[in-house]
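Taken straight from TrEMBL:
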| type | residues | note |
| --- | --- | --- |
| TRANSMEM | 25-47 | transmembrane segment |
| DOMAIN | 41-289 | domain 'G-protein coupled receptors family 1 profile' |
| TRANSMEM | 59-78 | transmembrane segment |
| TRANSMEM | 98-120 | transmembrane segment |
| TRANSMEM | 140-164 | transmembrane segment |
| TRANSMEM | 200-221 | transmembrane segment |
| TRANSMEM | 242-261 | transmembrane segment |
| TRANSMEM | 273-291 | transmembrane segment |
Amino acid sequence: MEPANYTRLTEFVLTGLSQTREVQLVLFVIFLSFYLFILPGNILIICTIRLDPHLTSPMYFLLANLAFLDIWYSSITAPKMLVDFFVERKRISFGGCITQLFFLHFVGASEMFLLTVMAFDRYAAICRPLHYATIMNRRLCCILVALSWLGGFIHSIIQVALIVRLPFCGPNELDSYFCDITQVVRIACTNTFPEELVMIFSSGLISVVCFIALLMSYAFLLAMLKKHSGSGESTSRAMSTCYSHITIVVFMFGPSIYIYARPFDSFSLDKVVSVFHTVIFPLLNPIIYTLRNKEVKTAMKKLVNRYILCKEK
């Protein structure tokens, strides 16, 4: 194999979500409405946690980081997808494709690691309540978040390193609306079995292992809470938080396992799952969490009322 003779490809062509003009317009209205409605909600969550002096718990610090990563994650693919609904030939440069792929895996893996950190935070709060403030101090929270980002960066660099060394000499059409390893690998002009194996191990196996570990952790925490069900409102709040975390974990890891923990063959549900995985669920995750948290909802109402009253004055 002589990569210099093959890697002359300068762009990829995306098939998009639909070839029908009417369907594309309907999808554009749906996704744009959803994006513009949910995006400000996530920004409001971050602003509320930053500005409200009562939301200083490590849990809220981690939630703000989750909202930030989810905004970033969905914005990697959504803007171009919306623009491409009005473009006859949907193109993306080779460099743009690699950049999109890099940030998709960088932010996605960082979020997975952050969800693991949030599970540890709940363990410390429920099982070691007297030492919670000492264990989950601000310095440790910052270190854990930084390690989550570092883990995501290392994971993404591995994916990019495997992709850029592949030769591309034939068709340049990707059956998707964005660039990802599962589509790019399929059109390489060489046997990609070793690369696929590494990618499945890196993305798929990590997703499966983290998913099972997180579910077992929350099952353990819920069992602990049920033993102390007579503790009243604090126990009920802790259980509600755990259920919210479990919902987020399922939304994040379920599609990821479907996409990456299998051979990179094409299936009919791939595009549907990808849309939920890259656009819809990331924006919904913090909202789902916040709807079950009275303190955040109360703080958000105060923040909105404060700005409304200021404008009225």
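For all residues, glycine too, the Cβ spot is worked out from N, Cα and C.
A TrEMBL annotation is a machine prediction, not a hand-curated record.
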List, by number or range, the same-chain residues at least 6 past the transmembrane segment (59-78) whose CB is under 8 A from its CB atoms?
31, 35, 39, 42-43, 45-46, 49-50, 100, 103-104, 107-108, 110-111, 114-115, 117-118, 121-122, 125, 138, 141, 145, 177-178, 241, 248, 278-280, 282-283, 285-286, 289-290, 296
Distal contacts, the transmembrane segment (242-261) - CB-CB under 8 A, six or more residues away:
66, 108, 111-112, 115, 118-119, 122, 180, 182, 199-200, 203-205, 207-208, 210-211, 214-215, 218, 221-222, 225, 269-270, 273-274, 276-277, 281-282, 284-285, 288-289, 291-293
Could you tell me the mean pLDDT over the domain 'G-protein coupled receptors family 1 profile' (41-289), as a whole number?
89
Sort out the residues at least 6 away from either end of the transmembrane segment (200-221), same chain, that have Cβ-Cβ distances under 8 Å to it, and list them.
105, 109, 112, 115-116, 119, 122-123, 126-127, 155, 158-159, 181, 242, 245-246, 249, 253-254, 256-257, 260-264
Is the transmembrane segment (273-291) packed against any residues at least 6 beyond its ends, judged by a Cβ distance under 8 Å, and which are they?
17, 31, 34-35, 38-39, 41-42, 45, 63, 66-67, 69-71, 73-74, 76-78, 81, 104, 111, 176-178, 180, 244-245, 247-248, 251-252, 255-256, 258-259, 297, 300
